[in-house]
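What follows is one structure encoded as structure tokens, with my remarks underneath.
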Amino acid sequence: MLEIAIKGSKKYWLWIALLLAVMGAGAIAYADQFLNGLVITGMSRDVSWGFYIANFTFLVGVAAGGVMVVIPYYLHDYERFHRITILGEFLAVACLVMCLLFIVVDLGQPIRMLNVLLYPTPHSMLFWDMIVLNGYLFLNIVVGWKVLEAERNQIEPVWWTKPLVYLSIPFAIGIHTVTAYLYCGLPGRGYWLTAILAPRFLASAFAAGPAFLIILCYIIKKFTKFDPGWEAMQTLSKIVCYAIIANLFFFACEVFVVYYSGIPGHLSHMQYLLFGLHGHNMMVPWMWSALILMGLGAIFLLIPKLRNNRALLPVTCAMIFFGAWIDKALGMIAGGFVPSPLHHVNEYAPTLQEGIIAMGVYGAGFFVLTILYKLATTVKEEVRG
Amino acid sequence: MMIKSRRSFLKVAGIAAIGMGAAPVMNLAASDSHGSTQPKTAKNEEALHAKRWGMVIDTSKLTEEVVEAVKKACHKSHNVPDFNIEPDAEKYSGNRPARDGQEIKWIWDEHFHYAFPDKEDEFLAEKFHDLPFLVTCNHCKNPPCVQACPTQATFKREDGIVLMDYHRCIGCRFCMAACPYGSRNFNFTDPRPFIEETDPDFPTRTKGVVEKCNLCAERLAKGEQPHCVEASEGAIVVGDLEDPDSEIRSLLAEHYTIRRKQSLGTEPSVYYIV
């Protein structure tokens with residue numbers, strides 16, 4: 001089936017070349033980091049996780065969001081998602097590849113990363129995160145591939161894909177729950193120490209993942225002969241709508257608890273994000289933009305006339321996607337580490353090189369996504385035509 | 001020359017190979033008359049032992065001079081780098097200085113409201129305001145860093161000392177996120193060029209690993225007191241928290257002491273007499 005990927009239009013090859021260039025730039029920047037250490041990043045003793053882990057956290061969410069097409073189709077026989085289920089699964093694969101790459105580029109000693117397997121440590125949440133991420137990646141590759149292959153041959157998928165699909169549902173919930181547990185089980189980090197972190201992560205994932213899928217559907221419709229179906233996109237947009245409202249509601253719950261209780265160790269982080277602390281306010285414009293983007297996006301999706309507007313829908317989805325990215329990637333890291341456990345306020349901003357390495361990882365993810373989507377759309381074109 | 005050196009190499013290699021093959025047999029032959037061939041580990045009779053090591057810091061005895069002496073003694077003997085120094089250009093080339101905040105410190109001074117942020121007091125006595133409080137790893141009874149580490153590179157010894165295995169650490173920095181005391185450091189760059197005078201008695205670290213205070217485990221094993229204790233002019237006492245007759249227990253019995261962020265349940269082993 002892979003032979004499909006090496007037959008394409010000029011535009012396809014131009015896009016592939018662009019991605020390879022971005023990956024190349026990232027690889028060169030990473031080679032320097034590999035040799036000289038994470039000194040090239042903007043991270044510090046106080047803010048010891050940065051842009052890499054921020055993007056990792058967000059992309060775990062986008063990967064988990066894929067389950068929002070799997071559940072309706074496989075559990076509720078929602079036929080309209082028949083065409084896009086594979087897109088959700090392949091999006092998850094690309095996102096998980098990026099997640100794993102972000103973890104690797106964040107390690108101080110990447111050569112030793114197999115130590116996590118050599119010395120399995122069940123009391124570390126990172127151990128479980130590794131298991132669920134790789135498990136979910138494996139499940140999505142196998143299921144996506146087998147189902148697509150069956151579709152191409154116009155036969156029923158082999159029987160054992162069904163149990164794997166059902167297994168992938170708890171795994172999708174699992175990857176984002178365990179990723180939240182990385183944060184919310186730590187003492188002394190007031191912004192993260194909240195039981196609603198995992199639900200909040202899931203809500204934002206179920207908004208950002210499908211929102212991105214809708215944008216991808218637009219792109220597919222424009223560049224291929226495959227039509228994912230307007231009705232499926234409409235259903236997806238309703239899912240995004242309720243998920244983003246849940247996310248905003250959970251955030252409001254956090255704000256209430258923090259400000260009404262007034263406990264300094266919890267309050268100061270939220271204060272830093274929303275209003276600035278002791279004159280440090282780098283995150284303030286970002287956080288308010290995130291809230292406005294997500295809030296407006298929710299309103300646009302709630303009103304049927306605006307939701308049904310074909311021109312507005314991708315814009316709304318982009319707003320929600322970037323709003324969630326700021327909130328969960330940048331805000332989660334900055335809010336957790338600033339102020340420090342000793343209440344020093346040291347801010348963090350990624351360096352250019354750190355950004356290039358991150359772009360390289362995104363390039364690799366889009367490369368995987370492009371290849372997989374090329375396979376999926378071509379097969380679907382073949383079968384229909 | 002080339003040929004000769006190759007020949008001699010082959011000769012040596014051949015002899016070595018024979019030797020390697022013969023060694024187990026020789027050992028077997030030898031084991032009867034000369035005991036085990038396994039390497040022996042010997043316990044130092046003078047080593048200091050404790051059920052649970054702890055530290056008491058008498059803040060009334062902390063002056064700026066004492067604090068400086070303690071920091072210097074600890075950092076110098078543990079090869080803690082100082083990124084403010086200019087590396088030896090002949091020995092090291094192309095190394096990059098660390099950014100602001102990428103520093104490494106094992107024991108350092110903080111003002112009261114940073115060392116004890118949850119004990120912040122509007123009407124704190126004037127004498128505490130500017131007093132330098134020494135802070136370091138608390139060697140917690142329930143260390144969150146050990147719980148977080150995915151490779152057991154940081155672990156708690158039976159005697160309560162929390163240690164780092166610099167060779168197993170993958171540099172994920174999860175332990176740094178987990179530590180509520182900001183006691184952990186990450187080697188963002190190769191520390192070696194920034195060590196003014198390397199002490200051969202203690203290993204240096206590489207880039208990409210986490211490090212922190214080890215309560216001078218290497219000195220306790222030799223029957224010596226930690227460096228900070230020696231340099232502190234009596235301000236720091238280290239001993240067995242679980243021994244009711246130990247010096248630190250009598251200090252704890254005589255004085256009111258506080259610990260950092262006690263409400264978190266990590267059970268720090270460092271006590272402050274205020």
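Here the Cβ of each residue, glycine as well, is placed from N, Cα and C on the backbone.
The transmembrane segment feature in TrEMBL is assigned to A:12-31 (among others).
Feature annotation from TrEMBL assigns transmembrane segment to A:51-74 (among others).
Taken from TrEMBL, the feature transmembrane segment covers A:86-105 (among others). Using a Cβ-Cβ cut-off under 8 Å and counting only residues 6 or more beyond its ends in the same chain, the transmembrane segment (A:86-105) has close neighbours at 30, 33, 52-53, 55-56, 59-60, 62-70, 113, 133-134, 136-137, 140-141, 143-144, 147-148, 151, 172, 175, 209, 212-213, 216-217, 220, 228, 357-358, 361-362, 364-366, 368-369, 372-373, 376.
The transmembrane segment annotation in TrEMBL covers A:125-143 (among others).
The feature transmembrane segment is assigned by TrEMBL to A:164-183 (among others).
Here the transmembrane segment (A:195-219) has long-range neighbours at 57-58, 60-69, 84, 87-88, 91, 173, 176-177, 179-181, 183-184, 228, 232-233, 236-237, 239-240, 243-244, 246-247, 250-251, 253-254, 294, 313-314, 317-318, 320-321, 324-325, 327-328, 373, meaning same-chain residues at least 6 beyond its ends whose C-beta is under 8 angstroms from one of its own. TrEMBL lists A:195-219 (among others) with the feature transmembrane segment.
Summarising the annotation, TrEMBL assigns transmembrane segment to A:239-263 (among others).
Residues 207, 237-238, 240-241, 244-245, 247-248, 251, 272-276, 312, 316-317, 319-320, 322-324, 326-327, 330-331, 334-335, 338, 347 of the same chain lie 6 or more positions beyond the ends of the transmembrane segment (A:283-304) yet place their CB under 8 Å from a CB of it. Look at TrEMBL and you will find A:283-304 (among others) tagged as transmembrane segment.
Sequence annotations record features per position, and here TrEMBL assigns transmembrane segment to A:311-335 (among others).
According to TrEMBL, the feature transmembrane segment maps to A:355-376 (among others).
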Where, among A:51-74, A:164-183, A:239-263, A:311-335, do we find the most CB pairs under 8 A to the transmembrane segment (A:355-376)? A:51-74
Counting only CB pairs under 8 A, let me know which of A:12-31, A:51-74, A:239-263, A:311-335 has the most with the transmembrane segment (A:125-143). A:51-74
Sequence-distant residues near the transmembrane segment (A:311-335) by C-beta distance (under 8 Å, 6 or more away from its ends) are 47, 49-51, 53-55, 57-58, 61, 183, 191-192, 201, 204, 207-208, 211-212, 214-215, 218, 233, 237, 240, 244, 247, 251, 269-270, 272-273, 282-283, 286-287, 289-294, 296-298, 300-301, 347-348
Sequence-remote partners of the transmembrane segment (A:12-31) [C-beta within less than 8 Å, at least six residues beyond its ends]: 105, 353, 356-364, 366-367, 370, 374
